[in-house]
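Under the heading motif ''HIGH' region', Swiss-Prot lists 15-25. Among the features that Swiss-Prot reports, Zn(2+) binding site is placed at Cys146, Cys149, Cys159, Cys162, with the record citing sequence analysis. Taken from Swiss-Prot, the feature motif ''KMSKS' region' covers 331-335. Residues or ranges marked as ATP binding site in Swiss-Prot: Lys334. For 574-675, the entry in Swiss-Prot reads domain 'tRNA-binding'.
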Amino acid sequence: MSSQPRKILVTSALPYANGSIHLGHLLEHIQTDIWTRFQRMCGHEIYSVCADDAHGTPVMLKAQELGITPEEMVARTREEHHQDLLDFFVEYDNYHVTHSDENKELSELIYNRLNDAGYISKRTISQLFDPEKNMFLPDRFVKGTCPSCGAEDQNGDSCDNCGATYDPTEMKNPRSVVSGATPILKDSEHFFFDLPQFSDMLQNWLKSDALQSEISNKLEEWFEKGLQQWDISRDAPYFGFEIPGAPNKFFYVWVDAPVGYMASFKNLCDRSGINFDEYWGADSDAELYHFIGKDITYFHCLFWPAMLEGAGFRKPTGVNVHGFVTVNGAKMSKSKGTFIKGRTYLEHLNPEYLRYYFASKLGANVTDIDLNFEDFAQKVNSDLVGKVVNIASRCASFITKRFDGKLSDNVLEPALVAEFQHAQASIAQAFEERQYHKAIREIMALADKANQFIDANAPWVTIKDESKQAFTHDVCSLGINLFRLLMVYLKPVVPKLAEQAEAFLNDDLSWSSAQSVLTGHEINKFKALMQRVDMDKVNAMVDDSKENLAPTVTLDPNSPLAKDPISDTIEFDDFAKIDLRIAKIVVAEHVEKADKLLRLELDLGGETRQVFAGIKSAYQPEDLVGKLTVMVANLAPRKMRFGMSEGMVLAAGPGGKDLWIMEPHEGAQPGMKVK
């Protein structure tokens, strides 16, 4: 790691202005803030900027829904986002918004330079159009049936069921999410950026140290398919910046969103006298880093550097990509209460719990981070409270009560102090490389050694022996110094705790101060620095995050529920009469002269039943043997011309090939009752 002062500009991806900050956002902002604070502690000149991403159809429609202008909604949301981040101790030098004069000026400048250089072209394309709302529909505002697998209610550009990607015009039974109307095809002239012209430059850039290897490898797929021209325009009505010289044509949000990094920094420069070109000019020797999530990689690693190159600006030094946040091993869920907004978290828990936990799991790769609440409580309570803060609380009272609040002039074990100080280099390297989990692991190993030292010397015992007062003073003073070193290393992660420690220690914690020891130094009276995580508060947070999603669901007229509505309500006693059991299919065979039936022999775990099931159109008999399914076991036997049917297997679907028998999860056994 360089010891020379560096000039660095850091950005985080811009939160979109139509929703609240949640834990997924916070992973990235905390990751960025830790790195920024570390660099600043090391004495480097670093600026961090962010902004709200304000443009696009979703913002326009949300504002209409609220009965306010998009500008009003964006201003309100930006204030909310910024305050949430501040309350998690995420401090940007500037937090701006993309609907700004600076962003309009820079977006037009970049576009005009690209256009003058011949990188912009126009052509007519056909798009889905909502005839009721009189607007073209972005991909996310079209739903329909997947053209690949036939799954219904899929997004306009990709299928959650089979993973296929496609053009919205390829969907079957498309409908507008805005009005529910069936969209029509309509022609419109669009503007395109000639991305293929930058193919060689981008491939060379991908091979540099700017990206993690897994990201570079993934992006190679784009070159294997061949880069395509990028549609950079959208038609009115649209909330955004109008393209110069093109009435009712607007920049696509992903054109001006990354320009928002430049605009936020320019806003800071104009207020603070910083030289903008020293950081964004083509010959800049400053470092520029973007922290982003893996879902927006291709915008930042293909389109954005090509735009910068074509417009005569510098490219990023590095794009640091992280994974998603899962909660308790699963995708965040509003119904389960694990889609947790930042403000809801703050109403229940200390923000530094989350900062520390994320740091303990964050590396420089793109792996998803799981927030397991039991592990979260155990790690924070064990590490921060039980190890680090405990060192100070075990030693401080003796210093205050017996030694007038002054540390000893003597350093009892210089070798132990030297070990703590020597670790600074490897901890710094881990922070520099964004291997926060390695830094935390090493810091906690040192905390263990500090506690072992205190345990071995037991000041609570020696304080009772008048002949060992000086020794006790030395032990507790060294304990306080070890705590101080740990807090220097943890300061980028838990800045508020470090601030409280500074007040207690009566000392400023800088990265360089780790090479000194406090002797004969007066400290202040110790106050509790951090409370343990209370699982009752965690559970209350989850409960407060649960949402009843039923009111937000709109019925798709082509959905199974619309075609086959729910039957009349029955009493529980009626349902309780049905005996559902797990059954194993041991025999499956065709029934001669039957068009729809298969004959099944079902093992109920001690009893075998014969059932004729109308699933021949969907299954080959050999594919069913060995499967577990669910059957109605107490249905009266029914005599058929092929034999006696002694029950019924359960299946879902409209019929034909679209039938699926019920299959229980692994662990179910034949004969088990389904309740």
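Counting begins at 1 with the first residue displayed.
Glycine too: its Cβ is placed from the backbone N, Cα and C atoms.
The structure displayed is predicted, hence computed values, not measured ones.
If you average pLDDT over the motif ''KMSKS' region' (331-335) in this model, you get 87. Shown are the binding-site residues Cys146, Cys162; of these, the residue with the fewest other Cβ atoms within 10 Å is Cys162. In this structure the C-alpha atoms belonging to Cys159 (Zn(2+) binding site) and Lys334 (ATP binding site) are separated by 21 Å. Using the Cβ center of Cys146, Cys149, Cys159, Cys162 for Zn(2+), the list of other same-chain residues with Cβ within 8 Å runs, in sequence order, Pro147, Ser148, Gly150, Ala151, Gln154, Asp160, Asn161, Gly163, Ala164. The DSSP breakdown of the domain 'tRNA-binding' (574-675), given as helix, strand and coil counts, is 7 helix, 49 strand, 46 coil. Taking H, G and I as helix, E and B as strand and the rest as coil, DSSP gives the motif ''KMSKS' region' (331-335) the counts 0 helix, 1 strand, 4 coil. Calculated from their C-alpha atoms, the gap between Cys146 (Zn(2+) binding site) and the residue listed as 'ATP binding site' amounts to 25 Å. Annotated pair Cys149 (Zn(2+) binding site) and the residue listed as 'ATP binding site', C-alpha to C-alpha distance, rounded: 28 Å.
Per-class residue totals from DSSP over the motif ''HIGH' region' (15-25), listed helix then strand then coil: 3 helix, 2 strand, 6 coil. If you draw a 10 Å sphere around the CB of Cys149 (Zn(2+) binding site), it holds 12 other CB atoms from the protein chains shown.
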